[in-house]
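Quick one: structure below, then a few questions.
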C-alpha cells in the first residue's frame, strides 16, 4: 500500500474528528472576527457621542456667550451704604443686602454716647446707596429722610403723608381701604422685597387694587 493510499485511508478513518476540528476552528475564527467588529463599533459610538456632546456645548456657548460673564458681573457688584452722625467710624460700608441698620451701626464701631436712637428704626433693611444718619441727643435734623425712621414717625418732609417704607401697622391701618390684615401684608412685603421704589408698587400686594390705590395714593410716600 502506497503512502497516498495510507493517507486516504487515515483520513477516512478520522473523517468525523477532522470535521469536528474544522468546525471548531471556523467557529473560533468567526467569534474572534465578530469580537473585533464589536470593539470597533463601540469605539465608533464613543467617538460619535463625544462629537455630539462637544457640538452641543459649542451651540450653548454660541447661544449664550455672555451668560457666565453676566453672572460673574452681577456677583462682582457689591452694595454700598453711607452711615453718618453719632457713630464711632462714619463712612461708606459694603453690604450684602441682607443687613439691617443695626448691623451697619456695628460695622461703624457702634454708637457714640450722645447718640439719639429713639426715632431710629434699627431693624430696617438697608439698600444700595442708602444714607443712614444717626442724630445726637437734642439735635434738630433737617434731612429727616436720611434717618431710618422708627415706626412711630409717619411723615416725610412735613407733608403729613405716610411713608409706606417706614410706617408701622397702626399707621398703615389708618389709611383708607387698608385694614389690619393689609397693613401686615404691606410690612411683610417690605421685609421680603425691600423698600418700595414707588407708591404704585403697593398694588403688587394681594388685595390692593386700583380702586384702593386711588383712595390712598395722595396720602402716601416712599421718601
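Count begins at 1; order follows the chain as displayed.
Any Cβ shown, glycine's included, is placed from N, Cα and C.
Just so it is clear, the model here is predicted, and its values are computed rather than measured.
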Pick from 6-29, 30-53, 54-77: which range does TrEMBL record as region 'Disordered'?
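Of 6-29, 30-53, 54-77, TrEMBL gives region 'Disordered' for 54-77.
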So what's near the domain 'Helix-hairpin-helix DNA-binding motif class 1' (200-219) in sequence-distant terms, Cβ-Cβ under 8 Å and 6+ beyond its ends?
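Cβ under 8 Å, 6 or more out: 160-162, 164, 175-178, 181-182, 185-186, 189.
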Which residues of the same chain, at least 6 past either end of the transmembrane segment (16-34), have a Cβ under 8 Å from a Cβ in it?
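Residues packing against the transmembrane segment (16-34) from afar: none.
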For the domain 'Helix-hairpin-helix DNA-binding motif class 1' (170-189), could you work out the same-chain residues 6 or more beyond its ends whose Cβ comes under 8 Å from its Cβ atoms?
151, 154, 162, 164, 202, 204-208, 211-212, 215-216, 219-220
Using DSSP, what is the helix/strand/coil residue split across the domain 'Helix-hairpin-helix DNA-binding motif class 1' (170-189)?
14 helix, 0 strand, 6 coil
